[in-house]
Amino acid sequence: MTLFILTETSAGYALLKAKDKKLLKRDDLATEASTAEGVSNLVKLKSFQKFDSAATALEEVASLVEGKVTPRLASLLDEIKDEKKVSLAVADPKLGNAIGKLPGMSIQLVADSTTTDIFRAIREHLPTLIPGLLPQDMSTMSLGLSHSLARHKLKFSPDKIDTMIVQAIGLLDDLDKELNTYAMRVKEWYGWHFPELAKILNDNIAYAKLVLKMGMRSNWETADLAEILPEELEGTVKAAADRSMGTEISQEDLENIQALAEQVVGFAEYRQQLAGYLTARMNAIAPNLTALVGELVGARLIAHAGSLTNLSKSPASTIQILGAEKALFRALKTKHDTPKYGLIYHASLIGQATGKNKGKMARVLAAKASLGLRVDALAEWDDDATEEDKAALGTEARYNLERKLAAMEGKPLKPRGVAIGPNGASVQPKKFEINETRRYNADADALTGDQPASKKDKKLIEEVSDEEMADADSDEEPKANGTKDDDSSDESEEESSKKHKSKKGKDTELEKMAEKAGLSVKRYKRKLERGEITFDANGNPSATSKKELKKAKKEAKKASKGDEKKRKRSDDGEEADNGEKKKKKKKKGEE
């Protein structure tokens with residue numbers, strides 16, 4: 001069986017033919033192939049397919065790495081396609097499987113450890129096997145192709161560098177810790193000299209700037225603090241400095257305190273700059289995620305997942321509890337309820353929800369964030385696309401979530417036509433102007449209280465004339481003729497109006513009670529029929545869940561069982577006492 005060897009080089013594809021059919025089974029293959037002459041005696045060049053350019057070489061090698069057969073390689077293999085009893089040695093088993101799947105290719109493929117020695121020898125002495133190929137050119141082409149292949153694998157893009165976000169959010173958290181530590185140290189240190197200042201100023205940055213500006217508290221008269229503090233606080237600080245109870249410090253102590261205060265101010269300025277940089281990078285890399293959860297929460301999610309691509313591959317359920325892994329595994333181990341949210345808890349939408357709705361909002365927000373992440377990671381935008389176009393999905397989803405949250409909380413909904421800004425917040429409306437209302441015209445009133453009402457003198461005794469009682473038939477005749485008495489019609493109208501008013505009153509009462517219970521009118525009626533509404537001492541309703549009702553029923557059953565046991569015990573005790581009394585009576589009778 002004829003043996004062919006396929007070699008992939010940076011210059012092109014080389015197809016070599018072995019002079020010995022049993023070349024791979026020889027024991028002295030490594031020793032004979034150690035020199036260029038030995039390799040040339042073992043194999044000879046059958047065909048060579050050269051790459052036209054560096055770009056072509058990159059495409060071909062990238063396809064080979066993925067285990068794909070390119071048209072150029074397939075055309076080279078067509079030369080040995082018609083030969084019978086042929087075996088082909090390939091260095092990569094994945095490539096060998098792909099070649100074996102080619103239509104009409106009946107070749108025995110060899111891609112195991114027996115080919116390592118011959119491939120090593122061919123790579124070392126390749127210029128001697130291919131005429132016109134110099135060793136210097138070979139090394140240059142290999143170096144250039146390796147650089148291009150590495151760049152191709154990295155898929156370098158300055159707009160998709162999520163490593164910068166990971167480092168920036170980590171540095172931001174470290175700065176917050178250090179800034180807090182240094183600021184507290186400044187307060188404790190300078191507090192020996194001016195202890196009243198810490199109670200007046202709560203802002204750490206303003207405190208450090210004031211220490212740098214004023215120095216000794218005795219300089220309060222000449223120090224201009226208008227740039228740091230408002231007028232009211234400035235007067236309070238100066239008055240406190242005038243009658244301070246602090247100790248005196250030396251100039252050397254003040255210099256060290258001011259050096260630390262300079263560090264605090266410098267860290268604060270750099271933190272503000274870093275926060276702006278992080279916001280810009282998040283809007284460029286993940287605009288939809290930023291519109292939904294904010295730049296800080298989005299950056300922490302990306303940092304926790306490792307990269308934007310890894311986070312986009314995660315399902316919504318994973319994004320929802322990302323950051324709460326310890327609580328999740330603890331709950332699974334102890335068979336308790338799993339956590340509802342992780343890092344996503346700090347998003348503004350979840351912060352706006354009440355306790356009972358936080359879990360629902362976390363689930364819905366994680367689902368929308370997973371969709372936005374896939375768009376951010378995998379979408380390819382044109383150069384003409386604006387930031388609003390890129391963040392359109394996240395902005396629209398945030399607006400829908402805000403409406404859903406308002407519906408759950410019972411708050412008024414925003415109108416559908418409201419304008420939404422790039423940050424997801426609604427644009428403020430124009431200034432509301434109050435028009436002058438129409439005044440009440442008092443001249444149009446008619447005064448009727450000047451004339452007293454006429455009173456008719458009623459007789460103490462009146463004569464009533466006797467009237468004959470009409471028959472039942474005569475009473476029914478006018479009714480049958482389609483006429484009714486005026487009195488009966490008035491009474492029926494009054495009754496219908498009373499019923500209508502009572503229905504309205506009941507509906508308004510139901511609406512009020514439903515609002516107090518935090519439910520809709522339908523749910524309030526349903527729960528009231530089921531007995532799931534309880535009233536406190538003031539008459540305010542509150543809804544109870546099915547779990548609470550079950551617990552209450554179980555407790556009532558336990559209490560009833562306990563009472564029955566106590567009754568049985570008391571009955572047994574009474575029977576025992578009665579038996580003892582009877583025995584005593586019998587003994588007395590016998591005596």
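Glycine is no exception: its Cβ is also placed from the backbone N, Cα and C atoms.
Pulled from Swiss-Prot, these are the features on record:
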DOMAIN    285-410  domain 'Nop'
REGION    413-591  region 'Disordered'
COMPBIAS  430-442  compositional bias 'Basic and acidic residues'
COMPBIAS  453-462  compositional bias 'Basic and acidic residues'
COMPBIAS  463-476  compositional bias 'Acidic residues'
COMPBIAS  477-486  compositional bias 'Basic and acidic residues'
COMPBIAS  505-515  compositional bias 'Basic and acidic residues'
COMPBIAS  557-571  compositional bias 'Basic and acidic residues'
COMPBIAS  581-591  compositional bias 'Basic residues'
DSSP-derived helix, strand and coil totals, residue by residue, for the domain 'Nop' (285-410): 95 helix, 0 strand, 31 coil
Counts by DSSP class (helix H/G/I, strand E/B, coil) across the compositional bias 'Basic and acidic residues' (505-515): 11 helix, 0 strand, 0 coil
Tertiary contacts of the compositional bias 'Basic and acidic residues' (505-515), as residues 6+ beyond its ends and Cβ separation under 8 Å: 410, 521, 523-525, 541
